[in-house]
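Worksheet: the structure to be examined is printed underneath.
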Amino acid sequence: MESPNLAETPPTMAHKLKRNLTFRSKWAELNGAMGDLGTYIPIVLALTLAKDLNLGTTLIFTGAYNIVTGAIYGVPMPVQPMKSIAAAAISDSGFNIPEIMAAGICTGGVLLVLGATGLMQLVYRLIPLSVVRGIQLAQGLSFAMSAVKYIRKVQDFSKSKSKGNRHWLGLDGLVLALVCACFIIFVNGAGEERNETETDVVVDEERNSKSKRMRRIMASVPSAFIIFTLGVVLAFIRRPAVVKDIEFGPSSIEVVQITRHAWKEGFIKGTIPQLPLSILNSVIAVCKLSSDLFPGKEFSATSVSITVGLMNLVGCWFGAMPCCHGAGGLAGQYKFGGRSGGCVAILGAAKMVLGLVLGTSLVIILHQFPVGLLGVLLLFAGIELAMTCRDMNSKGEVFVMLICTAVSLVGSSAAIGFLSGIVVHLILKLRDFGRDQSCSTISIRATP
């Protein structure tokens, strides 16, 4: 499995970094960098508005994480908010910045220990693929349903609530979102067939050279980047006075003071519900998805768990949002063309520049960004993640996957869905074992 080797000589390490950060296609990688913004922006904006999260600090640290993980892994490894911690903060008036950071530090510490001791790799090997697919399908459908809600309903991110039906017309209207969704489908289609062989491609291209040229032209259109740029332009049009409210310069970075009460509340209300999601979706599902999307670049659960742990053990002390990797972000960036570490590295560089130049003033612009367009980007990220589950061949595997998915969605808990999937998987194995034993006994008795 591929993981950073600290014993490599400097020339070898430099060559590896160059290879990991090299763009496969400039426009495609830039387009792919927009793939997880549908998840990132709403949660960061909600925490900033509801809990006064230091947006400038968060951008600087998450930008640095993007660059480092892109250089280490060589794929568009995403950096996303820890969703359970964010949900606890938004829904609980007493769960503020010290509690949020305590939850992030505790979660990071547990993941670091699990990774360093090798326990995470053991868990990764033991969990059945059908259960992993169930978690991925549940997360993908959850993203897609949230995306549809963003498109159809007006959102109040500070309270994490929908306010009513979105108007058909306007700069954040339903028509605009639908047109952008159709534009992405027209440009990107349903995505690449990852099991398509090179021979199939050559034969197909020889049969239809015009179709080949058309595909190349379509692939060069950065659909997600165009839509995100449109959203920024519309944000300024919706409120031209926003320019006057912008203050240039980074926000101050200070160490967060965490009391004993904050540690307790953060661990109970934040870490405990976040850990199952981080282990399943941020480590195990990410490792499996990376091996599916990028053959030959299968990463160990140990290394992914350690990077998630270190990110939070560093940044949360200074008020940066607790973050992790995420299968949905990886699927979204892949959907829009991200193929290398350079994809997330350029996103990280942009975050750092915005954090240093605009700081917390950026929230004024994000508050005016059309939410319907964020929903469009999130929709395709969720669908791409859900489509990775189509490799379940037997009826038993599909049965376990769907049980896991249904329980995860209805119970809103990946942990409960995971446990349900494991139980069903074991029952089916026990049933098959008992049937095999019975058949063996009958065969022995029938032998003269």
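All residue numbers here begin at 1 and follow the chain in the order shown.
Cβ atoms here come from the backbone N, Cα and C positions, even for glycine.
Curation does not apply to TrEMBL; its annotations are automatic.
Feature annotations, courtesy of TrEMBL:
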type	residues	note
TRANSMEM	59-79	transmembrane segment
TRANSMEM	100-120	transmembrane segment
TRANSMEM	126-148	transmembrane segment
TRANSMEM	168-187	transmembrane segment
TRANSMEM	217-237	transmembrane segment
TRANSMEM	343-365	transmembrane segment
TRANSMEM	371-387	transmembrane segment
TRANSMEM	399-428	transmembrane segment
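Taking pairs at least six residues apart, the transmembrane segment (371-387) and the transmembrane segment (59-79) share fewer than three Cβ pairs below 8 Å and do not count as touching. Only residues 6 or more beyond the boundaries of the transmembrane segment (126-148), in the same chain, are considered here, and those with a CB under 8 A from a CB of the stretch are 38-39, 280-281, 284-285, 288-289, 327-328, 331, 375-379, 381-389, 391-392, 396-398, 400-405, 408-409, 414, 417-418, 421-422, 425. Counting residues 6+ beyond its ends, the transmembrane segment (217-237) has Cβ neighbours under 8 Å at 25, 27-28, 30-35, 37, 171-172, 180, 183-184, 187-189, 243, 336-337, 365-366, 368-370, 373-374, 376-377 in the same chain.
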